[in-house]
Amino acid sequence: MANSYLSSCANVMVERINTSQELVELCKGKSSSALLKRLKVALVTANPVLADADQRAEHVREVKHWLTGIKDAFFQAEDILDELQTEALRRRVVAEAGGLGGLFQNLMAGREAIQKKIEPKMEKVVRLLEHHVKHIEVIGLKEYSETREPQWRQASRSRPDDLPQGRLVGRVEDKLALVNLLLSDDEISIGKPAVISVVGMPGVGKTTLTEIVFNDYRVTEHFEVKMWISAGINFNVFTVTKAVLQDITSSAVNTEDLPSLQIQLKKTLSGKRFLLVLDDFWSESDSEWESFQVAFTDAEEGSKIVLTTRSEIVSTVAKAEKIYQMKLMTNEECWELISRFAFGNISVGSINQELEGIGKRIAEQCKGLPLAARAIASHLRSKPNPDDWYAVSKNFSSYTNSILPVLKLSYDSLPPQLKRCFALCSIFPKGHVFDREELVLLWMAIDLLYQPRSSRRLEDIGNDYLGDLVAQSFFQRLDITMTSFVMHDLMNDLAKAVSGDFCFRLEDDNIPEIPSTTRHFSFSRSQCDASVAFRSICGAEFLRTILPFNSPTSLESLQLTEKVLNPLLNALSGLRILSLSHYQITNLPKSLKGLKLLRYLDLSSTKIKELPEFVCTLCNLQTLLLSNCRDLTSLPKSIAELINLRLLDLVGTPLVEMPPGIKKLRSLQKLSNFVIGRLSGAGLHELKELSHLRGTLRISELQNVAFASEAKDAGLKRKPFLDGLILKWTVKGSGFVPGSFNALACDQKEVLRMLEPHPHLKTFCIESYQGGAFPKWLGDSSFFGITSVTLSSCNLCISLPPVGQLPSLKYLSIEKFNILQKVGLDFFFGENNSRGVPFQSLQILKFYGMPRWDEWICPELEDGIFPCLQKLIIQRCPSLRKKFPEGLPSSTEVTISDCPLRAVSGGENSFRRSLTNIPESPASIPSMSRRELSSPTGNPKSDASTSAQPGFASSSQSNDDNEVTSTSSLSSLPKDRQTEDFDQYETQLGSLPQQFEEPAVISARYSGYISDIPSTLSPYMSRTSLVPDPKNEGSILPGSSSYQYHQYGIKSSVPSPRSSEAIKPSQYDDDETDMEYLKVTDISHLMELPQNLQSLHIDSCDGLTSLPENLTESYPNLHELLIIACHSLESFPGSHPPTTLKTLYIRDCKKLNFTESLQPTRSYSQLEYLFIGSSCSNLVNFPLSLFPKLRSLSIRDCESFKTFSIHAGLGDDRIALESLEIRDCPNLETFPQGGLPTPKLSSMLLSNCKKLQALPEKLFGLTSLLSLFIIKCPEIETIPGGGFPSNLRTLCISLCDKLTPRIEWGLRDLENLRNLEIDGGNEDIESFPEEGLLPKSVFSLRISRFENLKTLNRKGFHDTKAIETMEISGCDKLQISIDEDLPPLSCLRISSCSLLTETFAEVETEFFKVLNIPYVEIDGEIFS
């Protein structure tokens, strides 16, 4: 399957020979000229048969051997041409540095070097190529020509990823189920977040589904904090914990030890409900998982961790409460997916019938794998001819057992240059996230972007190549900005297959023999010792790439000695890419100067103290990465000789100055930092010659500019390609003295005036500027492209620039203006009082740390100020007391802390100082998405109201009193929500500023309760809380002229009616009746519904007594029905629930008669998820047999419920129930005689059922049962005969006073039991565990509230070899001998055990290390 891109190689080499005058000049000698011609002839002769060789290599051994040989010869020929080009480049550098005499001497030396060094190599390569050319006829290769030009470039214009996000094919039920799991209120994991595992084979769509669910509006509203982390194969607790913390805080975390990180993360998440997704999780280490979970113990109940993984073992290790198994798609779903990506927006009915017939056969061949369907669709997209589809189908039929042939079809359709670029990506480890710049620089270094006769930048060519590969589904983009990407594992396998031996990725210390033909080598630092890895490749003499990757456990710098490096680099003179990043090297080896072909050198995060001058002889060098070299303070003086240098990264490196002559680096495209020296070094004028600079340029130490005229010489105004500019002064000493407007300050103003950039600039930042005012250009409307401005630490400024006239400005941050007192009209209009609309695009405005600011004067405008403002943040402005700005948009989120600002000057309404708990870190402010309020004590108070369990969609509102998302005023909340829990906040907030005609976003998750919205409109209101779409200009506030509803990505506005009649679909446009989701609140009549309705949510409709009569017949697509707090609703229409339902959720509907409405003759064959909570007061007997497909059943707080009924003769295969939960049912007495006929039941929870006397009979027969939780069932005394099911993995018995663990339970025989928790109710036990009680498999043991427990029985742990985690809680009489009673453990937690706490208080941390207990936690204090 390899070697599909050689024609690109040949074409490029022939073009180089034809077009490079320098090569011709170098090879003027008779022998070298002849060799160059022979090389060209061999390439031209071999090129036409390469495609034929590709096709036959997979089936004919001789052809495959020939192809491998000529590929190696081609690469050696590339090396020869590169050496010749390097010699020409060297001559050019010497010529520029010397005179005519030097030029003649240089020319003679160059020819001599060619004759002695290069010609012998050239002769060898030419003979090798000619040898392979002679065998073309022998093995029967022929010219290969396509009948037409492939249309891949045209197809790439309409990219699959451009389809509407969130639109699923064949996964609607999966999405609903997973959303319901996340919204459920699961109390199973006491003191820990619940874990949900999404399991499936590679390519089945785990990540895609989880990402869509992660962004679902209900999930976003439900969780206060959401985090997404790509875990990868080499899971590391420290790295992932750090990544989680950085994701939350949106700022760098410098802590370098795990316990401190965990404490910091625990504090950050304390009292918050969070959702964490660990994507592509591989780790099967129990100890790592236990250690990772430590930081989440203080989070709010209902927090969730979601794992996507391909291994069920991983789910067991993580103690997943719910394992969601991803299934393959049906053939119909595969066809829908293929047609969508192959035909774009064309409806299926419009597709050519012949194409459709062939396409459906192809869909069958995809075997239900979405990745395969999408990849093949990308290939078919460029082939509208049925003959092409038939050829694909015919070729496909023999590959039904493997995905790689499916993926290779797309690969075969790529042009040669893209094939070679894709193949190089096989050096990336699976799961490696790479950014656009990283990949393009690597392609450039291997010379894969060369286009003869093209004037385009190499970087632009590379970006196009990357975009085409993304469009063809070879890469998956991780963000909408197209900057981060990942390759699916199957695509990684494909890259490895097509690259063959020429790319080698080492992933462990079992070093195989690396083929001599290998050109590109990578390895994982965590799995491979560097010295071993480097020594293993010395025999690969033609190696071009050495690239180590930072897997999670390798973030700390590693040791690498010159003893290892020198022989390696001496042997590999053909290297183009070399990365030594993060290694603890202090000096570069001299052998580095022999790497004349090197184009990419990464020395970032090393400990080098200087960059030797010989580095400047590497004239091919294009990329030099020196970021975070903390000991490097200068660059070599001869750096100007690197005339091919295109990127110089100096971020985080403390350079004192730039060396003189840097202006000669005219190829430089990106320079991260230009440092101005105090007495020497390059001046600002040298920037003038660097006309191609792009990206963001930082100019540091501007206080060292001696004359303002130097700034003008920088020529920033003539740099149109710069996106961002940072101008930074450094303030020496204590800072400033108020009123000290001296000459220095004036000079700085003049310098800043001269540094006017090009109008195309997008982001601009000024730091520590000490001028008294800003130049006029800053704020000029001609800067139409600026979207972000940050002004920081401008201590002597007494006014702000007129940035209100920047038409595209979206983000403005003004920080630490220590003497500024007034923000006036000039801030909006400038000195000329321009009447252009100020701040017409501004979305975020932040003021921070301005101690003397006391007055804010805003203009009075007809349309209000800041028309697009989404967030206003004012922090640490203690003098600002006067009038709050009027006319803000109604949806603006306002954050105020450490500021006594009054809403109306002299009025009673004000924002009180109680809002000071808002995070004060400047870095964290822009990421805030809601207002956070705290109770007077600063501790959030959670509401104990009932919410959903796994498998059910919950009410959209959340009842955390300390958060709000609503567009209604507080006074408009329904009376039942204005409870004493909320009253405590009214005294703190007062009321909103009176000038807000429609109040800003403020409330605490009372979303959706807007009582003054016309009730007639309610049937067509939006998904919860009516949160405005930022892309839609329509208003959604009460009293406005339009309201919004969401139709799965389609936004529409509905006229606000004034009549009291219910609205019918006929009153609206056709597209509005296509609504799929509808939520209604606070209505008394619900008439007709949208015809295509799939989900109906009825909430808090006290006056609603009935549902639409035609609900059961007229809405065949209705799959989800949620009824919450409808206290007057008594029955379903037609005497039974709709039979089309898959999810039915009923809560707080006491009068609803559920059982009487069920018809014994009717099977509710579609219902899969059923939740009944605090409802149906007449529910006594639940007819389980009427629900054959029910997968999840939860009955909560149903006082009358007593038992289940099973229809006589029901077969064991009839009921599909997988999850059963019964809580707070005080009259539940028994289960059906003979037990539960639920062979698929995997999870069962019984909680607070005071009269329940026994578990189901034949419990042992429930062989699918994996987890069993028995909580607060005081009358259960024994376990049914036969004991527990054999496959049980998790057993929790809590507060069941009469259930005492005994050998008779047969726990010892449970070979799969991993997690055992016994909590309370064991008054007679003084020693635990009894010998022979515990199974060998138990991994985690928790014992709690054993009131009389005095000792641990060492013999009871004798056979428990797997146990790693033990938790002991609430055992006040327990005493143990640390070194004798405890089994070998990885994790030990002790809490509320007074005697044990005293014992361990005397033990040093080192003692635990001696005992081999890596993690010990005692009453929250960590010892490790």
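Cβ from N, Cα, C; glycine included.
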Candidate ranges 147-167, 1050-1070 [criterion: Swiss-Prot lists as region 'Disordered']: 1050-1070
For the ATP site (GLY200, MET201, PRO202, GLY203, VAL204, GLY205, LYS206, THR207), what does the 8 A shell look like? I mean other same-chain residues with CB within 8 A of the CB centroid. THR308, ARG310, MET326, LEU369, PRO370, LEU371
Least Cβ-packed of the binding-site residues GLY200, GLY203, GLY205 (other Cβ atoms within 10 Å) is GLY200
Within a 10 Å radius around the Cβ, which one of these binding-site residues has the most neighbouring Cβ atoms: MET201, VAL204? VAL204
Looking only at the repeat 'LRR 11' (1264-1286), what is the mean pLDDT? 91
Sequence-distant neighbours of THR207 (ATP binding site) in its chain (C-beta under 8 A, six or more apart): ASP279, ASP280, THR308
Sequence-ordered list of residues in the chain of LYS206 (ATP binding site) that lie 6 or more positions away and have a Cβ within less than 8 Å of its Cβ, or none, is VAL198, VAL199, GLY200, THR308, THR309, ARG310, MET326
Could you find out if DSSP has THR207 (ATP binding site) as helix, strand or coil? helix
Other than its close neighbours in sequence, what residues sit by the repeat 'LRR 4' (597-618), given a CB gap under 8 Å and a spacing of at least six beyond its ends? 79, 82-83, 86, 441-442, 444-445, 447, 557, 573-588, 590, 624-632, 634-642, 644, 649
Number of Cβ atoms other than its own within 10 Å, given for PRO202 (ATP binding site): 17
Using DSSP, tally how many residues of the repeat 'LRR 8' (1090-1114) sit in helix, strand and coil. 0 helix, 5 strand, 20 coil
Would you mind pulling the DSSP three-state label for PRO202 (ATP binding site)? coil
